[in-house]
Every structure is written in structure tokens, then in C-alpha cells.
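Asks: Could you have a look at this structure, given as C-alpha cells, before my questions?
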Amino acid sequence: MELKNDTQISKFILLGISEDPLWQPFLFGLFLFMYLVTLLGNLLIIIATITDSHLHTPMYFFLSNLSFADICFTSASIPKMLVNIQTKNKVITYEGCISQVFFFILFGVLDNFLLAVMAYDRYVAICHPLHYMVIMNCRLCGFLVLGSWVTTALNSLLQSSMALRLSFCTDLKIPHFVCELNQLVLLACNDTFPNDMVMYFAAILLGGGPLAGILYSYSKIVSSIRAISSSQGKYKAFSTCASHLSVVSLFYSTLLGVYLSSSFTQNSHSTARASVMYSVVTPMLNPFIYSLRNKDLMGALRRLLRRKS
């Protein structure tokens, strides 16, 4: 007897990172702490770049957009997770699940695009320093950010709309702390080939494209740095992109970790645990990576905190 597809489902169950009740208080405290640190760190960067005239440059304009995207990325999943743990109710409505799919894809891919834009900014700064302000003018900066938003929004709208065509049977349990599109596709009873193809091509175009741009930019940056004769000049040139390179390495290494964990393990919660690295830990660490060795940003933050006090 075949299972009948239930297209009128009203809810899913998010199993989270662990179903062990003994772990729930620890997980609540840990993720609440990481979420608050993420909000505070990224908000400080946004406020500092807006209020301090020394930071009104293309690099910090892109950084403030990345900080905003990171806040939204974590806010798409962590608040609901905290509510579920606190209330001991793992249910999420169908509408809420589709909304999570939309925003999780939107801000996750937007991070990817903004990192590529920032790599291009560093390429122009190091390889064409005399023409930097001419090339990276306000119009181009606005176009790059707006283009990133529009492209990722259209992709997210397409993929979440495709999720609406999925039909589900009896198992509505998602072994994750967020409604991830891939998990919904795995639960679906009907033909998922169109969804698989859209996800596949989106991963190649919107994931591989920005990564290729980052790699190309840094290949040119490395060539330019090697051509500098003095060691002090090489160090100064490299230091301008060290923070961005660290963030890029962290972001893509954690994404690779998620892919490998989902491919080589049978643990249903392993993907969720690995996803914490790129969806929670990376947005939390980004403000520290960008500010610790950045004298301009640290100075702006000190001036901001002095004004507040």
C-alpha cells in the first residue's frame, strides 16, 4: 500500500543539534551567548562605520553590509532554536519553515557574494592603488552591493518557491536546528528532480562563481605583492587583506566541513552540528577578525564607546 502524500501539512518538527534533554540547558546558554556576541560585535561595526568619517571608504562600506548580513543570517535560525529549547516545543509551522528556507538561503548566499566583492576591493587597492578611489567610486560600490542583494534575493525566492511544490508523507522530523532546503527535499514524497537541479545549478553559479572571483583576485594580489621589492612594503600590502583572507578561509573551510560531514557520516545530527560553524560561529568571529589588527576600526570603536560613556 502506497503512502498518500499529505500536501496540507501545517507543521514540521525541528530535532535540533541534540535530542538529549540533559544537553538542552547547556545548548540554550551557549547559543544565547554566541547570538548576543554576534549581535553586539556586528552592530558595533555598523554603527562605527556610519558615524566615523574616517571609515567612509569602500572597504568599510562593504564590511558594514557583511556585518548586517551576518546579523540577519544568524537571526534567521537562532532565535527560533532558543525558543524551541526554552519551551521544549520543537514544532515550526509550515509557513515559518518556508520563511526560514528563504532567509537562510538569502543571507547565506549574500555572505558569499559580499566576500567576493570585498576580494575585488582588495584587488583594486593593492594592484591599482593610484586609481583606487576612481575605480571604487560610490556608484560602483552601490551597484556591487545592490547587485548582490538582487541576485541572492531572486535565487532565494526561486528556491523557496520550488519548495512549495514538495509533498510530504508521514515523517516530518527535520534533523536540524533550522529548516534547511536540502533536508526538506530529503523528506519529500514526490519527484524532487526539479528541486535537485535548481539547487545544483545554484551551487555552481552562486557558490562557485564568487569563489572563482575570490581566487582570481587573490592570485593577482599575490603576484603584485611578490613584485614589491621591500619586505616592509610586502608586509604592509599583505596586512590590508589579511583579515578578509582569514574570514574567507574560515567561511569556506566550514562549508567544506558541512559537505564532508553530510557525505561520510550516518549520524542524522552531524550536518546540523557542522552547520553551526558557518551559520553561527563564523558570523560571531568576523567582527573580531576584522577589528583586532585594524587600527582604524579599533580607533573608531574606541571613539564610539567614549561618546556613549
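Backbone N, Cα and C atoms are what each Cβ position is placed from, and that goes for glycine too.
Under the heading disulfide bond, Swiss-Prot lists CYS97-CYS179. Per Swiss-Prot, N-linked glycosylation site is recorded for ASN5, and the stated evidence type is sequence analysis. Under the heading topological domain 'Extracellular', Swiss-Prot lists 1-26, 79-97, 161-196, 266-269. Summarising the annotation, Swiss-Prot assigns topological domain 'Cytoplasmic' to 48-57, 119-139, 218-244, 293-309 and lists sequence analysis as the type of evidence. Look at Swiss-Prot and you will find 27-47, 58-78, 98-118, 140-160, 197-217, 245-265, 270-292 tagged as transmembrane segment, backed by sequence analysis.
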Asks: For the transmembrane segment (197-217) and the transmembrane segment (140-160), decide whether they are in contact, meaning at least 3 CB pairs lie under 8 A, counting pairs 6 or more apart in sequence.
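Replies: Answer yes, regions in contact.
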Asks: Might you confirm whether the transmembrane segment (58-78) is in contact with the transmembrane segment (140-160), defined here as three or more C-beta pairs under 8 A between residues 6 or more apart in sequence?
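Replies: Yes, the transmembrane segment (140-160) contacts the transmembrane segment (58-78).
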Asks: Grab the same-chain neighbours of the topological domain 'Cytoplasmic' (293-309) for me: Cβ-Cβ under 8 Å, and only residues 6 or more beyond its ends, written as numbers and ranges.
Replies: 44-45, 47-49, 51-52, 54-55, 60, 239, 242-243
Asks: On the 0 to 100 scale, where does the mean pLDDT of the topological domain 'Cytoplasmic' (119-139) fall?
Replies: 96
Asks: Pull the DSSP breakdown for the topological domain 'Cytoplasmic' (48-57) and write it out as helix, strand, coil residue counts.
Replies: 7 helix, 0 strand, 3 coil
Asks: Are there any residues at least 6 positions away along the chain from CYS97 (disulfide bond) with a Cβ closer than 8 Å to its Cβ? List them or say none.
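Replies: Correct list: PHE12, CYS179, LEU184.
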Asks: Taking the Cβ of CYS179 (disulfide bond) as the centre, how many other Cβ atoms fall within a 10 Å radius?
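Replies: The Cβ of CYS179 (disulfide bond) has 26 Cβ neighbours within 10 Å.
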Asks: Using DSSP and three states only, what is CYS97 (disulfide bond)?
Replies: helix
Asks: Check the DSSP secondary structure of CYS179 (disulfide bond), expressed as helix, strand or coil.
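Replies: The residue in question, CYS179 (disulfide bond), is coil (DSSP, three-state).
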Asks: Mind checking which residues reach the topological domain 'Cytoplasmic' (48-57)? Cβ under 8 Å, same chain, six or more beyond either end.
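Replies: Distant Cβ neighbours of the topological domain 'Cytoplasmic' (48-57) are 63-64, 296-297, 299-301, 303-304.
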